Amino acid sequence: MAGIQQQQLVNDTLPASLNGSSNRIASVNVEGQPQPWADDLDLQDPNHQKPGWRKFLSYVGPGFLVSLAYLDPGNLETDLQAGANHRYELLWVILIGLIFALIIQSLAANLGVSTGKHLSELCKTEYPKYVKYCLWLLAEISVIAADIPEVIGTAFALNILFHIPVWVGVLCTGCSTLVLLGLQKYGVRKLELLIAVLVFVMAACFFGEMSYVKPSATDVLKGMFIPKLSGQGATGDAIALLGALIMPHNLFLHSALVLSRKMPNSVRGINDACHYFLIESGFALFIAFLINLAVISVSGTVCSAQNLSSENADRCGDLTLNSASFLLQNVLGKSSSKIYAIALLASGQSSTITGTYAGQYIMQGFLELKMRKWIRNLVTRCIAIAPSLVVSIIGGSSGAGRLIIIASMILSFELPFALIPLLKFSSSTTKMGPHKNSIYIIVISWILGLGIIGINIYYLSTGFVGWLIDNNLPKVGNVFIAIIVFPLMAIYILAVIYLTFRKDSVVTFLGPNKNDPQQQANMENGLTKSTEGPEMERVPYRGDLADIPLPE
């Protein structure tokens, strides 16, 4: 009987949301737990009286923190190899990737702002038990895969600065991260500002080098706007670029970070918040695009120069983060390696912060578990150290560099399991009501998303079949490997199809009753109660997420 009454309430409210009026729907706590009310978040909120630029600054933080992940060692490694191997031909991947990143990061922010819940919490509510656990495990794997480049990048930086073996540097990364998390207690904003400054110092060096080597503007523009995948390994490098740019854990992170901001509970207030978060993300990702453009352009120009010395030609043939400092010699001279190493160290540590928070939100959302930051980071880092240590001992610097590319490809293959739920939730009337994505955003995001998924599946299948044909293993070994791998590929494809076509079954949003104008007016103006009818919850201010060290 209760289920019938709830369904009747849904039927009464959802049509009102579709009549074209701007009724802001309220979050329904389907878990049965009371959400905290923020009684000071109404039209009298001081934020509502601020000038536009001051109001915008009060929302700044989440987008820039997320954007640090677009400048991590994984991005630098894939950029360097893309430039060295293909010159400017893969710049279009960077352009499309960051445009798509802006779309989905804004969708993640809007999802959190509109629902009062972040992506992992909504996944827990929507999907069956075993699907939920599989998504949680895949999300944790994405955090670990994203941490591998930070481990190796930090080890490379320590190798350049102190001439210690790479594998020893890998072991040291566990201690360096604990030191970083310990320093947060003494001024995390200052620490993050210092890290950001060092990262942008390295970016400035690449911009300076680009002005020195003067890449062909025509070739750069062709690379940006004419898609091409020619040459050996181009498809793999393109997938690695996408994996380094569009990371699954960033979607969970951004949808949670926005909840640390206080927003007035009105249509105008929440729409303003979505608008400001979009502007912030757009500005941050534009800077990230320019930096990635500079790195690829410098790498492509220097490594294709006709007067390249034999020593540098050998470096370009197997370019890694550990050997890339020579690219900055024209700007920095003999000090290029030291300055580059310090900036590389900062790049690795900045991404450690975002990875720690993303892991916390994923665990809290899916499993309702919380860990102290240092424990959470230590567990993730220890798991990431294991493959990095083995590869660095066996393969040295070049092997560790290839592991970064492999980790980026893993992130690209992991993407559908965070992206598809995000696209479905943000386009769903039962989740977002009238504030779901416009038809244009739905079409564009699904085309780009399915395009990336299709490329991944194509590369996975053709690459594996080609490897089976060309390797020197005995036929029995090939058959045994095929028996294991082909079912896994089929499971991957079926899982993507399941997430894509599964119909959402949980209604998490209800609008004001269409027969109660007072309720509709109250929701429009940010009031919490109507004179008649059921009391409706606000889109909650998440006090449990308000300890994020972001600038006020």
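Here, residue 1 is simply the first one shown, and the rest follow in order.
Cβ from N, Cα, C; glycine included.
What Swiss-Prot says about this one:
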| type | residues | note |
| --- | --- | --- |
| CARBOHYD | Asn11 | N-linked glycosylation site |
| CARBOHYD | Asn19 | N-linked glycosylation site |
| TRANSMEM | 56-76 | transmembrane segment |
| TRANSMEM | 89-109 | transmembrane segment |
| TRANSMEM | 130-150 | transmembrane segment |
| TRANSMEM | 151-171 | transmembrane segment |
| TRANSMEM | 193-213 | transmembrane segment |
| TRANSMEM | 239-259 | transmembrane segment |
| TRANSMEM | 276-296 | transmembrane segment |
| CARBOHYD | Asn307 | N-linked glycosylation site |
| TRANSMEM | 339-359 | transmembrane segment |
| TRANSMEM | 378-398 | transmembrane segment |
| TRANSMEM | 403-423 | transmembrane segment |
| TRANSMEM | 439-459 | transmembrane segment |
| TRANSMEM | 479-499 | transmembrane segment |
| COMPBIAS | 517-531 | compositional bias 'Polar residues' |
| REGION | 517-552 | region 'Disordered' |
| COMPBIAS | 535-545 | compositional bias 'Basic and acidic residues' |
In contact by Cβ distance (the transmembrane segment (276-296), the transmembrane segment (56-76); 3 or more pairs under 8 Å): yes
Dominant neighbour of the transmembrane segment (403-423) in 89-109, 130-150, 151-171, 276-296, by Cβ pairs under 8 Å: 130-150
Considering the transmembrane segment (378-398), which listed stretch of 89-109, 151-171, 276-296 counts the most C-beta pairs under 8 Å: 151-171
Contact call for the transmembrane segment (339-359) and the transmembrane segment (239-259): at least 3 Cβ pairs under 8 Å, seq gap 6+: yes
Beyond the flanks of the transmembrane segment (439-459) by 6 or more, those residues with Cβ under 8 Å of it: 96, 100, 103-104, 107, 235-236, 238-239, 242, 246, 412-413, 415-416, 419-420, 423, 427, 492-493, 496
